[in-house]
Structures are given as C-alpha cells and as structure tokens.
Amino acid sequence: MEPKVIKRIGVLTSGGDSPGMNAAIRAAVRTGFYYNIEMFGIYRGYEGMIHNEIKKLDSKNIAHVLERGGTFLKSARSEEFRTPEGRQKAYENLKAHGIDALVVIGGDGSLTGAHLFYKEFGIPAVGLPGTIDNDLSGTDSTIGFDTACNTAIQAIDKIRDTATSHDRLFFVEVMGRDAGFIAINAGIGSAAAAILIPEKKMPIEDLVEKLKVRTKAKKTSNIVIVAEGGKSGGAAEIASKVKKLLPYYDIKVTILGHLQRGGAPSSFDRLLASKLGVAAVEGLLHGKYDVMAGLINHKVVYTPIKKAIVDDKTVDEDDFRVAKILST
Ligand code: F6P
C-alpha cells in the first residue's frame, strides 16, 4: 500500500497489562521523535480514546519507564469500544487531535479493536503483541510472556522449599486464559511432577497413576502445574478430586494470579519490546497497516492482524515430550 503522510501517531495499551509494555511505548515514542513525528499517549486504552484522555508526549514522559512493569499509559478493557457509537466517539477525538495513525499494544481483543477501527475509519494501525499469555500467532513470544514465566518459576521454587519440608503435594495454578504456554514453560522450568493445560487432556486417573509412581520412587515433594483455562477445572477443583482418590496425601493449592502480570520486565522482554516499538512506527511510515509486528527467529515480521488473532498457535508437542521424560 502507498504510505500516507503521517504526522501524528497515538500510542495506547489495552487489555491485561504485561511487563514490557512500558518499554514498547518508550521505543515507539522515541522512534516517532527520531522521524520528527508528534507522539500522543492515549490513556486507559480504547476507553481513553472514547473519553478523550489524550495527551501529547515529550521525552520526559518516557524517561525511566523501560525498566518498570505495568503501563504508565494505563490499561482498560472497553465495553463501549465494542459498539459502533463508542468507536465513532473515539474517531472524533482522534480527528480533533489530528492523529492519523495508531500503535496499539495488547492482546487479541485489543488487536481486534485496531482491525475493526481500520476497516471502519481507515486509521492505519500497527499492533504489538502485549500479553503474558503468548497466545498470538505471528511472533515467537509476546511481550511479557518471558517475565511472567520467570515470575512463576521463582514463586514455584519457593513453594518447592515448603513442599519438600512437609512432604506435601501442591497444585499451583498459573495464568494464560485458555492457553497453556505459561504452564508448560514454568512446569518444565520448575521440575513439575505433571502439567495440566487446556490444549491437552489428562484424565484424573492418569494423574493419580503418575503420582503413585512418584510416591513409590520416594519423591518427597510433588508440584502439579495447572493452567487456569483447563476443561477439567482449576487447581482447587483438581486437587479435591485427587484428594478423594489419594486421601493419604497432604494437599495444598496455590493460585499465583496477578503477581504473574507485575514486576520489572526481563532482559528478553526489554529487547523484544524495544525492537517491536521501533518496528511499529517504521512499519506505519512504510505503509504497513492493519498488521501486528512480531519477532520470528529474531527477525521482525509483519502479520495481518486478522491472521495474528486467529487462535492457531499451540503449545509445541515436543515440549510435552520433554516434560514427560523429565517428570518420570
Ligand atoms: O490476558 C492476560 C490475563 O492475565 C490472563 O492470563 C487472565 O486470564 C486474564 O488476563 C485476567 O484478566 P483480569 O486482570 O481482567 O482479571
């Protein structure tokens, strides 16, 4: 597509926050300044677009944000943006500020919003994959996923200490919505006895059998990782089913929850966010619209948003094999 002349770009973060979003905003804004573009922060995602929470950014706004978790632009899940009236209001506000393109940092819902907005109003947008869930195609890793896995592993290591001291069986629930990427990574990285993820069914009888074998092998601590979106229920539900079948186990449940979303981004996430922030603005300047910038094999790749949000990224079969070998 022939590039439009772009003079003002708005940046927003939307949906669940993820570590590295600040680094991505900073990179996009700095790149805009490098190319003499005026950069605007749209606060609270699409909600802020609708309610005109839009401010021009200067270099002070982005000083010392790279290393911080969360998003200084704040985030929200906007119901109003799902309506044509909400999107119309958002468009009027962008027009009033003379904003002619967007960088949207978020998960599949946020990128879907950018795609719809482009279709309806022709506002060019480049999306960046900002979610701890890693459930977007078109990138090997999403911004925040690596940090979330590190955070989960650190927490599980601590649980391991107390589990071993008391010979207990722990069920640890991790986030990921309906994807098992955090679970499989954190599970392999923390020597879990078993990993339950939505993508793969493990009947309760198989889990019980596995635990029995480990008891015979005199394993003193057992940690089972449960992805939150599993069809057989969360960690508490599975723990109570196992307790009925293995009553002699002292069982505890820990739900890691939102602590996985916080904290300073890892070195990997800082680099990923920085590269993609630059790619977002350069993409817009080169006429790449309605796409998501991602990193595949260390190279920037632009994937149509429609393709990136299709739920076809699955946990690698080989990760399963590895997890199985290492937990027997
Ligand atoms: O998409 C990121 C995520 O943290 C999911 O892993 C989780 O299911 C969801 O957001 C939680 O959303 P909220 O913070 O709105 O409760």
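Easy rule for this one: first residue shown is 1, then count along the chain.
Any Cβ shown, glycine's included, is placed from N, Cα and C.
In TrEMBL this protein carries:
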{"type": "DOMAIN", "residues": "8-283", "note": "domain 'Phosphofructokinase'"}
{"type": "BINDING", "residues": "Gly16, Arg77, Ser78, Gly107, Asp108, Gly109, Ser110", "note": "ATP binding site"}
{"type": "BINDING", "residues": "Arg26, Ala27, Ala28, Val29, Arg30, Arg160, Lys219, Thr220, Ser221", "note": "ADP binding site"}
{"type": "BINDING", "residues": "Asp108", "note": "Mg(2+) binding site"}
{"type": "BINDING", "residues": "Thr131, Ile132, Asp133, Arg168, Met175, Gly176, Arg177, Glu228, Lys252, His258, Leu259, Gln260, Arg261", "note": "substrate binding site"}
{"type": "ACT_SITE", "residues": "Asp133", "note": "active site, proton acceptor"}
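Features recorded in TrEMBL, as mapped to the structure shown.
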residue : record                 : DSSP class
Arg26   : ADP binding site       : helix
Arg77   : ATP binding site       : coil
Gly109  : ATP binding site       : helix
Thr131  : substrate binding site : coil
Lys219  : ADP binding site       : coil
Lys252  : substrate binding site : strand
Leu259  : substrate binding site : helix
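Close contacts with ligand 1, defined as a Cβ under 6 Å from any of its atoms, occur at Thr131, Met175 among the binding-site residues Arg26, Ser110, Thr131, Met175. For the recorded ATP site, residues Gly16, Arg77, Ser78, Gly107, Asp108, Gly109, Ser110 set the reference point as the centre of their Cβ atoms, and the other residues of that chain within 8 Å of it by Cβ are Ser14, Gly15, Gly45, Gly106, Thr112, Gly113, Thr131.
The candidate set comprises the binding-site residues Arg26, Arg30, Arg177, Lys252, Arg261. Of these, Arg26 has the most other Cβ atoms within 10 Å. Nearest Cα neighbour of Ser110 (ATP binding site) among the listed binding-site residues (Thr131, Arg177, Ser221, Arg261): Thr131.
When the binding-site residues Ser78, Ser110, Thr131 are compared by the number of other CB atoms within 10 angstroms of each CB, Ser78 has the fewest. Nearest to Arg77 (ATP binding site) in space, judged by Cα atoms and limited to the binding-site residues Arg26, Ala28, Arg30, Met175, Arg261, is Arg261. The highest number of surrounding Cβ atoms within 10 Å, among the binding-site residues Asp108, Asp133, is found at Asp133. Cα separation, Lys252 (substrate binding site) to Gly109 (ATP binding site), rounded: 34 Å.
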